[in-house]
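Enquirer: According to Swiss-Prot, the record shows the following:
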type     : residues : note
COMPBIAS : 526-540  : compositional bias 'Basic and acidic residues'
COMPBIAS : 600-615  : compositional bias 'Basic and acidic residues'
REGION   : 524-562  : region 'Disordered'
REGION   : 589-615  : region 'Disordered'
TRANSMEM : 24-44    : transmembrane segment
TRANSMEM : 62-82    : transmembrane segment
TRANSMEM : 102-122  : transmembrane segment
TRANSMEM : 156-176  : transmembrane segment
TRANSMEM : 207-227  : transmembrane segment
TRANSMEM : 240-260  : transmembrane segment
TRANSMEM : 275-295  : transmembrane segment
TRANSMEM : 329-349  : transmembrane segment
TRANSMEM : 360-380  : transmembrane segment
TRANSMEM : 417-437  : transmembrane segment
TRANSMEM : 463-483  : transmembrane segment
TRANSMEM : 489-509  : transmembrane segment
Amino acid sequence: MSSNIAITTEPEGKNKKGLKSDPFIFSISVGFIVVFVIATIALGEKARTTFSAIAGWLLENLGWMYIGGVSLVFIFLMGIFASRYGRVKLGDDDDDPEHTLIVWFCMLFAGGVGAVLMFWGVAEPINHAFNVPMANEESMSEAAIVQAFAYTFYHFGIHMWVIMALPGLSLGYFIYKRKLPPRLSSVFSPILGKHIYSTPGKLIDVLAIVGTTFGIAVSVGLGVLQINAGMNKLWSTPQVSWVQLLIILIITAVACISVASGLDKGIKLLSNINIAMAVALMFFILFTGPTLTLLRFLVESFGIYASWMPNLMFWTDSFQDNPGWQGKWTVFYWAWTICWSPYVGMFVARISRGRTVREFIGGVLALPAIFGVVWFSIFGRAGIEVELSNPGFLTQPTVVEGDVPAALFNVLQEYPLTGIVSAFALVIIVIFFITSIDSAALVNDMFATGAENQTPTSYRVMWACTIGAVAGSLLIISPSSGIATLQEVVIIVAFPFFLVQFVMMFSLLKGMSEDAAAVRRVQTRQWEKTDTPEKLEEHSSQPAPGYDDEGNPLPMPALEHDEDGNIVIPGNVVIEGDLGVVGDVVDDPEEAQEMGSRFKIVEQTRPQSRDEYDI
């Protein structure tokens, strides 16, 4: 895959400082992150209280908006998928995909939510089975377990990827179709026009960088907690702040090395290795655990997901059956995903050039969702089986005591080769977060520069370091409630970008409508009354419009256009038979514009054979 992308940058010369990054975008975004880190560490518990109050208000009053908004995006994307715009390519019309389907899937998955599945694979189903989301079933009953998996599939299935697919599709379209700079502001060019290069557009790019940094920082924070828990199980490493900060430092350092290597050498290699390792771990659980039960449940899982999704995607707990549950889980997930969706969207757009809109939507929504269902049906059901055979083994530490990061390693204790497999799982988690950080660093650099690989390596390394710094600061201020703090901050940061997504849908549809050519109406054979075998045979033997008697497509004349969009046919045109024209015939095409509605366009009704036209 070539790392050179044909992208037109904004019409600006070098800035006075000689920096490749835009000074406004760079200084505002980095300045905000630095001030946040310093203020968060300095204020400590006061910052924690402030985050909690703001996030609490958003969850209490606007949770319904997140639920309905994400479902609206899903419906919008399905409409685009089924429409004529589905055939449009993310790039020039003759571009081909740069990656095979398997490599494409590995990269978008590893750079997306792969690390999150490692964290929640066991923990989420057991949480929901114990504390039933709708509070209408007995804890750990069969019905409660089914509902638990329905919600888990909902959280990590199509809807999570819907949030990332919208900016990904929008970025891919405007960057590779319209050749605009690789910035989030480019998506809004049909609305803002030239202002994407001035303050309004740059503020959007600042929002994208800040959202990406905080979204990935939350993911890294959760991963660090899980890595620390795994090290505690294996080597009795203390679960304290200084150990977690050391883990962040090491992961960030390795991510800096990877990001300095670029997309092909670093991220692509790590992504492929990581997916292979994750699949190997999944097969280990499948074949060394209750294999038959897991296989049966794997099949059932797709039915559970399909039957529950229409209800869950619109459920907002209006009767307050389980107050606070949806804010803690569903709304947090949507806010978290929205927060880092510019990064995943830009990354997925970068690796999807040459694919059609329909391929993009279908692939980005279906492939990771299918893998997610398989993953949770195996890891989640394995955890449920461990709990059912030994009540309290998982629910007590994971749900009651809140030690969510250790859930996976607690299950691995019940499997053979515990030490080796747990260490193997740790490596997978670490690599997942390395790929997330270096992917985000590359994307942040593109948002800041408006081009790819136009800055020194130190810039991309700096972006990786900012992610580590934010994750570290959030864990420092409240080590005892690290997950809660991470959740609260991401809910606050995500809200502005959530509103931006509604505008993004309008802008994308407007841009596609402006760029796409009209689609011809379907044409069929014209039948006369068929009341004898001879007429049936005669009419059945006629070729369809545009095809010869042998079923081969007839050639189409190549149509050229002048600068005003008028069709230009060089040479003579031979027409056999009568020609009817509705409207006036003019010698000068410019006169046609003055004639207004009296000027008609004669549309070709079918392709003509070479014998029927001469150009």
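These residue numbers are counts, starting from 1, taken along the chain as shown.
Note: Cβ is positioned from N, Cα and C throughout, glycine not excepted.
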Enquirer: Which range out of 24-44, 275-295, 329-349, 417-437, 489-509 gives the transmembrane segment (207-227) the most CB pairs under 8 Å?
Expert: 329-349
Enquirer: Counting Cβ pairs closer than 8 Å, which of 62-82, 156-176, 240-260, 329-349, 417-437 has the most of them with the transmembrane segment (275-295)?
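Expert: Looking at each of 62-82, 156-176, 240-260, 329-349, 417-437 in turn, the most contacts to the transmembrane segment (275-295) are made by 417-437.
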Enquirer: Which of 156-176, 329-349, 489-509 shares the most C-beta pairs under 8 angstroms with the transmembrane segment (360-380)?
Expert: 156-176
Enquirer: I need to check the long-range neighbours of the transmembrane segment (417-437): which residues 6 or more away from its ends have a CB within less than 8 Å of a CB in the stretch?
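Expert: Distal contacts: 110-111, 114-115, 118-119, 216, 219-220, 223, 226-227, 230-231, 233-234, 251-252, 254-255, 258-259, 267, 270-271, 273-274, 277-278, 281, 284, 408-409, 464, 467-468.
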Enquirer: Thinking of Cβ pairs under 8 Å, which stretch from 62-82, 156-176, 489-509 has the most of them with the transmembrane segment (329-349)?
Expert: 156-176
Enquirer: Over the span of the region 'Disordered' (524-562), count residues by DSSP class, listing helix, strand and coil in order.
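Expert: Output for the region 'Disordered' (524-562) reads 8 helix, 4 strand, 27 coil.
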Enquirer: I need to check the long-range neighbours of the transmembrane segment (489-509): which residues 6 or more away from its ends have a CB within less than 8 Å of a CB in the stretch?
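Expert: Long-range Cβ neighbours of the transmembrane segment (489-509): 51, 54-55, 58-59, 62, 65-66, 69, 72-73, 76, 80, 163, 166-167, 169-170, 173, 187-191, 204, 207-208, 210-211, 214-215, 218, 331-332, 334-336, 338-339, 341-342, 474.
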Enquirer: Could you pull out which residues elsewhere in the chain have a CB under 8 Å from any CB of the transmembrane segment (156-176), counting only those six or more residues past its ends?
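Expert: For the transmembrane segment (156-176), the sequence-distant neighbours (Cβ-Cβ under 8 Å, at least 6 residues beyond its ends) are 5, 7, 70-71, 73-74, 76-77, 80, 88, 90-92, 95, 112-113, 116-117, 120, 182, 184, 186-187, 189, 305, 309, 313, 333-334, 337-338, 341-342, 344-349, 352-353, 357, 360-361, 364-366, 368-369, 372-373, 376, 501, 504-505, 507-508, 511-512.
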